Every structure is written in structure tokens, then in C-alpha cells.
Amino acid sequence: MIQDTIRKVVSMQDLAPDEARDLMTSIADGKVTDAQIGSILTALSMKGVTAHEITAFAHVLRDRAVQLKTDTSGTFVDTCGTGGDGAHTFNISTAAALVAAAAGVRVVKHGNRGVSSRSGSADVLEALGIPITLTPEEAAASVSSHNIAFLFAPGYHPAIGRVASARREIGFFSVFNILGPLLNPAGASARLIGVGDTRHIPSITGALANLGVSHAMVVHGDGTDEITITGETEVYELSGGTICRYTLTPEEFGIRRVSRETIAGGSPAENAEIIMDIFSGRKGPCRDIVLLNAAAAIYLGEKATCIYDGYRIAREVVDSGQAYRLVMALRRTT
């Protein structure tokens, strides 16, 4: 009974894997009311979710997702964040994904419109003139021709649509913010995932390992779900089943620390303008933070031996105009 599960979570008890699986199955199959979903999400947020719970939830939702099959093998990278950090930065991970793709990394970016922010990845890509509602066949073709495709979450995860109303009504960070970055329909084997709350880093990293992701960096930078230039970034790197924890600083890359206001964003149109200014050669903090996050994606995509080498490559890609030309090419696919 769903009421028994709610009572267990409310009493701060962790769910066994089979209990978590049954709960998400009931939600995905539409057997749970919005009121019950709201209760579950609230209770899970208060208790905190474990790696095993996240893994079980993700398995259920991935089994129901529209899958993307490509005609190429090898490493695919996704760059995304949990959101909910309240930092109001521009769409850094989206810009970083474009730079990584221009560097030759195959990127399958999975995302949505903004929920807790003014501009989600889908919103800014739309403002850039890049198509966001690709069919699986169109997405596979885009990866083959341009190294990148955007997978609009509602088109690939119909089961998640069943919780949309309840999520809007409760209006706070929930387990679905955590699940989103784990549900890439292409099964991307490498992930750069930003986490807005450090409490979730260990459980997300553990879930990635349980889900078979071979290489990932789970990052939190000075209160944001990005690798930051405003302070230190905490990193959990998963590689070959082993998790290594370390910190990164802007100074390691020759970048001067700045205030968060210098990397603030706005509307989708404003964020698109920031990105195109960067790709057109404008220097400054916004460019620096995009290069730093792109460096991680390039490293994860096996186009660099380390993140420092990835930073050099990202800088060359932007300075040479390759990232700008990629946006122009993607616009022509509409």
C-alpha cells in the first residue's frame, strides 16, 4: 500500500530497493494521486535519499523512457545539473556542452525548461535558434553530423510528466531534480553533473556507479551546481568503479576569482546573448567559467588526458571560432 510507504518515509526510515522500485512504479503508472506524490516528495526531501533509493527510482524511469540508439559506439557525454541552487547564473553547462562538441566530444545533452530558474537548457537553446524537440532518429543524425543533440526530457520520459503538477505545486527541490541528470536516454557513459547541495554528492555518485556509468565528475562549486570561478569546487570523480574526492580552484587554471554577480544570467534571450558573445570572442568571467566546465566535459569525453589539457583545448576551440560555427550549423538544421 502506498500509504505504508509514505508512513515509512515520514518516520525517516530508508526504503529497501524493492520498496523504492515499487513506489516509483506506482508513480510512473499513474496509480498515485498528486496529494500522495506531494507527501512522498516532501518526506523524501526531509529524510534525504540514499544511493540505493535513487538507483531503484532511476531503473524504473529508464525502463519506461524512449531510448536513443546511435550508429556510433564509444563515449557519449552529458553535462547537466540538479538546479535548485538559487545562484541565478547563466546556462553554463549548456554552453560548455557546445564547446565540448566543437572539440570533437560526442554530447547527448538531456534537459528541460526552467523550473527553479528563469532559463533551463531547453529555453536557452531555443533562444539560440537550436532545435530542441528532436525525434530519436533526428537526434542520432545530429550526433553523427554535429557531435551533439539535445533530448527534451518530456519527449523521452512520459512517466515523469505524471509528477509535473505535484512538482509545480510543492515548488521546492525534490528527488526528481536528482533523478533528471541520471536518466539520459542515450545511456551516456560519461557525465558531468553539477549538484547545488553538497549533501547529495555522495548519493548521486554512488547511484551513478550502481547504474553502470564508467566515468563521471559530480561537482559543487561555492554554492552552485557548476565548476566555479568564484571559489573552490568540490569534485567526486568516478572512474572504473573507484571514487576519488578532490577540490579544484580557479587559480590552478590561471583564472582570477570573481564575485558571483559577474556570472549572473537572466532571461533565455539574455543568456543566449551571453553565450554568443563568448563564442564571438568576448573575454571575461563568463568565458572563463564556460571554458572550465567545458574542460571537464572534454576530459570525460576522452579528448584530453586531464582537465588541465581539456582547458587548453576548450580555449582553442572558442578562440578559433569552432564553437560559434557549431551554433550556426545547428541553427541550419531547423
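Residue numbering: from 1, along the chain as shown.
Note that Cβ sites are derived from N, Cα and C of the backbone, with glycine treated the same way.
A sphere of 10 angstroms centred on the C-beta of G81 (anthranilate 1 binding site) encloses 28 other C-beta atoms. The anthranilate 1 binding site annotation in Swiss-Prot covers G81, N112 and is backed by sequence analysis.
All protein chains shown were included, and the count of other CB atoms within 10 Å of the CB of R113 (5-phospho-alpha-D-ribose 1-diphosphate binding site) stands at 17. Among the features that Swiss-Prot reports, 5-phospho-alpha-D-ribose 1-diphosphate binding site is placed at G81, 84-85, T89, 91-94, 109-117, S121.
Shown in sequence order, G81, T89, I92, S93, G194, V219, T233, I289, N293 are the residues of the chain, 6+ apart in sequence, with a C-beta less than 8 angstroms from the C-beta of E226 (Mg(2+) 1 binding site). Feature annotation from Swiss-Prot assigns Mg(2+) 1 binding site to S93, E226.
According to Swiss-Prot, the anthranilate 2 binding site annotation covers R167. DSSP gives R167 (anthranilate 2 binding site) a helix state.
The feature Mg(2+) 2 binding site is assigned by Swiss-Prot to D225, E226.
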Residue with minimal Cβ packing [other Cβ atoms within 10 Å] among the binding-site residues T89, S93, N112: N112
Where S93 (5-phospho-alpha-D-ribose 1-diphosphate binding site) falls in three-state DSSP terms: helix
Binding-site residues compared (H110, R167) - highest count of Cβ atoms within 10 Å: H110
Other CB atoms, at most 10 A from the CB of D225 (Mg(2+) 2 binding site): 27
